[in-house]
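Novice: Mind having a look at this structure? Questions to follow.
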Amino acid sequence: MAFSTNGSEEIELYHAQIHLYKHVYNFVSSMALKSAMELGIADVIHNHGKPITLPELASALKLHPSKVGILYRFLRLLTHNGFFAKTTVPSQNGKDGEEEEETAYALTPPSKLLVKGKPTCLASIVRGALHPSSLDMWRSSEKWFKEDKELTLFESATGESFWDFLNKDSESGTLSMFQEAMAADSQMFKLALKECRHVFEGLESLVDVGGGTGGVTKLIHEEFPHLKCTVFDQPQVVGNLSGNENLKFVGGDMFKSIPPADAVLLKWVLHDWNDELSLKILKNSKEAISGKGKEGKVIIIDISIDEASGDRELTELQLDYDLVMLTMFNGKEREKKEWEKLISDAGFSSYKITPICGFKSLIEVFP
């Protein structure tokens, strides 16, 4: 029996409790999603070719019979969160002459992003974001706040930078996992490329700074095969990669110099760094495009936070990303006014911001 109350203070208190508990237990939704990804639930439903019943799914996943009820409860939460959809299908257990139906589960747009082998699969993003190294550091946040040291939370918790962690043990697979996650995210850019073709039209050369294994550059090269593209990253990242006549891989240090080109692409780069280091990258980018005169440009793909957008889910994601960048790299996601100052301080004359990819922006910067 529910308690009744006419007091607004009590009602406010109950709503406050719900709000608090929801955020405290948000990790459960994240971990349930991680479990679904690791089990390959989306793959099974996709390969099934139609909505799948709970017994069929449990059988395909080779679960112990005692876990069928547990699977149902996981699916109940994930369905509530929009990752699966419930429907009904004719029951295989119906008696002769009787039509019976049972519940079945179908993919939704978010869970389709977990189907492995698809160009838009983001399973590696889930795996990387929820990796123990990304989560365990938060246990040290109280100590970190009280330290008089310029360390990231990751460094304070582990004793090493995230980049050192990635590179120290190639056999652990953490570097390849990170590169796979970045490549998966880059595939989403293919959808946006159709809308921003004009940004690359008229260019003869492009250097993708911090371009990793070249996921984005290859997409651009497919659309503009005449464009001479260079993927510029750390030597250990690009050292064993090969391209072709119009696509090459070059190792180096973006804080020292950047290969010359008509345009410099900085996708998911500047948010890794604080303003001082981002300014150095932008100044080196300006120098790299100087040979093109006023027709050169820098193309930034990053988040531009707009708390006044009215889209709470979008803004929350952007603010979450900001804390990820802060705690792991001492980087930041920037508001429009912060982008404006950074671009101006680097000596550029103008810029243009265009929202793309749902929660990111494409920022064209002109000398």
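Backbone N, Cα and C atoms are what each Cβ position is placed from, and that goes for glycine too.
Pasting the feature list from Swiss-Prot:
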| type | residues | note |
| --- | --- | --- |
| BINDING | V209, G210, G211, G212, D233, Q234, D253, M254, K267 | S-adenosyl-L-methionine binding site |
| ACT_SITE | H271 | active site, proton acceptor |
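Distances, neighbours, how buried they are, the whole picture for these features please.
Specialist: In three-state terms derived from DSSP, D253 (S-adenosyl-L-methionine binding site) belongs to neither a helical nor a strand segment and is classed as coil. Neighbour count (other Cβ atoms within 10 Å of the Cβ, all protein chains): 12 for D253 (S-adenosyl-L-methionine binding site).
Secondary structure at H271 (active site, proton acceptor), as computed by DSSP, is helix. Note: H271 (active site, proton acceptor) has non-local neighbours D302, I303, Y321, M325, G331, K332, E333, R334, i.e. same-chain residues 6+ apart with C-beta under 8 A of its own C-beta.
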Novice: Helix, strand or coil for D233 (S-adenosyl-L-methionine binding site)? Use DSSP.
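Specialist: Assignment for D233 (S-adenosyl-L-methionine binding site) reads strand.
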Novice: Applying a 10 Å Cβ distance cut-off over all chains shown, what neighbour count does G211 (S-adenosyl-L-methionine binding site) have?
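Specialist: For G211 (S-adenosyl-L-methionine binding site), the count of other Cβ atoms within 10 Å is 28.
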Novice: Using DSSP reduced to three states, classify G211 (S-adenosyl-L-methionine binding site) as helix, strand or coil.
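Specialist: The three-state answer is coil.
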Novice: Can you give me the same-chain residues 6 or more apart in sequence from V209 (S-adenosyl-L-methionine binding site) with a CB-CB distance under 8 Å?
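Specialist: Same-chain residues close to V209 (S-adenosyl-L-methionine binding site) (Cβ under 8 Å, separated by 6 or more) are F232, D233, M254, I258, V264, L265, L266, V269, I281, S285.
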Novice: Is it possible to get the count of other C-beta atoms within 10 angstroms of the C-beta of K267 (S-adenosyl-L-methionine binding site)?
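Specialist: Within a 10 Å radius of the Cβ of K267 (S-adenosyl-L-methionine binding site) lie 23 other Cβ atoms.
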